[in-house]
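Features as listed in Swiss-Prot:
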type    : residues                                                         : note
BINDING : Gly11, Ala12, Gly13, His14, Ala15, Gly16, Val123, Ser178, Gln367 : FAD binding site
BINDING : 270-284                                                          : NAD(+) binding site
Amino acid sequence: MVQEYDVIVIGAGHAGVEAGLASARRGAKTLMLTINLDNIAFMPCNPSVGGPAKGIVVREIDALGGQMAKTIDKTHIQMRMLNTGKGPAVRALRAQADKVLYQQEMKRVIEDEENLHIMQGMVDELIIEDNEVKGVRTNIGTEYLSKAVIITTGTFLRGEIILGNMKYSSGPNHQLPSITLSDNLRELGFDIVRFKTGTPPRVNSKTIDYSKTEIQPGDDVGRAFSFETTEYILDQLPCWLTYTNAETHKVIDDNLHLSAMYSGMIKGTGPRYCPSIEDKFVRFNDKPRHQLFLEPEGRNTNEVYVQGLSTSLPEHVQRQMLETIPGLEKADMMRAGYAIEYDAIVPTQLWPTLETKMIKNLYTAGQINGTSGYEEAAGQGLMAGINAAGKVLNTGEKILSRSDAYIGVLIDDLVTKGTNEPYRLLTSRAEYRLLLRHDNADLRLTDMGYELGMISEERYARFNEKRQQIDAEIKRLSDIRIKPNEHTQAIIEQHGGSRLKDGILAIDLLRRPEMTYDIILELLEEEHQLNADVEEQVEIQTKYEGYINKSLQQVEKVKRMEEKKIPEDLDYSKIDSLATEAREKLSEVKPLNIAQASRISGVNPADISILLIYLEQGKLQRVSD
């Protein structure tokens with residue numbers, strides 16, 4: 001008997017688990033197929049979650065009802081807030097994961113999720129009828145039927161591991177690769193590219209001389225990614241910092257001809273922002289040293305991840321490199337680093353919902369779309385799961401805008417501009433980063449998560465209470481006047497402020513750079529009554545109000561452009577005045593509105609003006625008809 005589902009998810013990595021959970025939580029009967037049930041949510045590369053921009057994505061996933069934040073909060077070994085000396089727009093949380101515990105916890109969550117069924121199996125082929133996906137067929141001939149399919153295959157598609165002059169078929173960490181499915185996508189007509197990533201060696205902690213390294217402890221206060229987390233892990237493990245040196249660089253230089261990067265063996269394009277150590281040596285040969293972070297892979301293992309030493313050099317050369325690094329001179333290498341090449345689809349073949357333009361009800365998410373990183377994959381998986389379930393159940397799809405979330409920036413960049421290298425999310429990619437902060441992800445997205453059925457009534461009630469407290473406190477401070485008496489003058493001067501000449505509203509005093517919410521309470525002789533996150537919002541929203549309002553005005557302009565819709569079936573070849581490049585790019589991307597069209601590389605303002613005139617003439621023609 002053939003089994004039938006609403007949604008099938010191929011793969012159970014970081015994109016797959018979020019896709020499967022989101023689909024099931026929206027009420028779709030969902031099947032998740034994975035090559036190995038023991039490797040659900042596996043971390044084949046760095047054992048960490050978060051960091052600049054990426055940490056904000058994890059918060060956004062949580063605000064929309066996803067899982068990554070909750071799981072890392074329960075399984076991390078260290079957590080740090082980054083960029084605390086900078087403005088709120090670039091602050092981000094980063095956690096070191098216990099990679100085994102993370103896997104185990106995520107597997108437990110998936111197994112317990114209602115509507116989500118899990119099966120070990122390798123998908124070889126999509127079942128397609130009239131350009132619409134109808135299900136999948138495995139390598140042993142089993143068929144599963146469904147109304148939608150989400151492909152989240154990571155680096156498994158025609159994966160090949162490269163080490164020195166050796167190259168062999170493999171998924172990450174020497175797992176089985178998926179070869180036939182990649183062939184099937186080519187046969188269906190998808191444009192496929194070849195990308196590359198890599199990983200460093202792991203060493204035995206017992207053989208590291210930590211006295212020659214610099215300790216990197218976690219924060220000594222409770223931190224969490226999830227807005228629902230109330231219990232914090234304070235028993236943390238440190239990371240350690242060391243550096244390469246002239247000796248290390250000589251080993252690389254002497255053996256560069258053995259690197260697959262420079263021998264011509266690697267054909268795929270590697271990640272710009274996570275280069276191998278040999279690539280760093282060649283590209284930045286003026287630098288006398290490069291940072292290396294020694295990151296424990298968990299509480300119950302001695303394996304330490306040497307971040308910054310990603311390499312495809314032969315194993316014996318990797319040992320020689322380690323012997324030159326302070327603290328690692330006698331380190332026992334437990335796993336060698338390697339490079340991995342894999343197939344990815346050109347992401348401009350997708351709609352902003354992550355549904356493919358070529359095959360109806362077929363979605364893709366994660367590294368198959370040309371991205372790098374667990375967080376980028378998880379964000380895409382979440383949206384693909386939300387949209388696939390929404391489409392088949394007729395409960396609505398959702399497209400995040402660039403002003404809604406970093407996830408929106410990520411997906412818009414992929415489907416509008418494409419990428420010729422593994423895409424990494426950066427704060428600099430977001431034009432509204434003051435709006436897309438770590439601290440306000442819930443204020444931006446919880447309403448949306450609730451409307452999509454991803455947020456519980458209890459959580460939504462708590463969120464609304466928080467929002468009301470923020471608004472009420474800002475209003476209260478706007479009604480209180482602080483008088484320039486000796487008490488207030490002394491406190492203000494003590495904190496580096498200038499004396500008051502006249503009375504001032506508490507909210508206006510808080511806008512001064514040297515003032516904080518704590519100081520305002522001191523001036524008012526009041527105790528703390530609100531939660532720290534409410535107080536933080538009051539301070540940030542007050543201090544940055546002018547800048548935030550300017551950003552919101554820019555958002556409104558873009559929204560007006562987004563309201564100018566473009567028909568999906570518009571034939572750009574009939575618009576004679578368009579430049580040839582613009583016509584080709586617009587035909588390829590098929591933008592949904594003028595705002596998206598304006599972001600396509602090769603489409604200039606003159607082309608947009610021509611397109612607007614053409615659309616307006618079309619409307620007038622329809623009215624006259």
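Just so you know, the numbers here start at 1 and follow the chain as drawn.
Cβ coordinates come from backbone N, Cα and C, glycine included.
Just so it is clear, the model here is predicted, and its values are computed rather than measured.
Taking the features listed in Swiss-Prot, we show where each one sits on the structure.
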residue : record              : Cβ contacts under 8 Å, 6 or more apart
Gly13   : FAD binding site    : Ala41, Phe42, Thr152, Gly154, Gly366, Ala377
Ala15   : FAD binding site    : Thr152, Gly154, Ala365, Gly366, Gln367, Ala377, Ala378, Gln380, Gly381, Ala384
Val123  : FAD binding site    : Ile10, Leu33, Val136, Arg137, Thr138, Asn139, Ser178, Leu181
Gly270  : NAD(+) binding site : Phe195, Lys196, Thr197, Gly198, Met261, Ser276, Asp279, Ala339, Glu421, Pro422
Arg272  : NAD(+) binding site : Glu421, Pro422, Arg424
Cys274  : NAD(+) binding site : Thr197, Gly198, Ser310, Ser372, Pro422, Arg424
Glu278  : NAD(+) binding site : Ile252, Leu256, Ser259, Met261, Tyr262, Thr311, Ser312, Leu313
Val282  : NAD(+) binding site : Leu256, Tyr262
Phe284  : NAD(+) binding site : His290
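If you measure from the Cα atom of Lys280 (NAD(+) binding site) to that of Gly11 (FAD binding site), you get 32 Å. Largest Cα-to-Cα span within the FAD-binding set Gly11, Ala12, Gly13, His14, Ala15, Gly16, Val123, Ser178, Gln367: 18 Å. Looking only at the binding-site residues Ser276, Gln367, the densest Cβ neighbourhood within 10 Å occurs at Gln367.
Its Cβ taken as reference, Lys280 (NAD(+) binding site) is surrounded by 18 other Cβ atoms within 10 Å in the chains shown. Close to Gly11 (FAD binding site) in the fold, though at least 6 residues off in sequence, lie Met32, Leu33, Thr34, Ile151, Thr152, Thr153, Gly154, Phe156, Gly366, each with a CB less than 8 Å from its CB.
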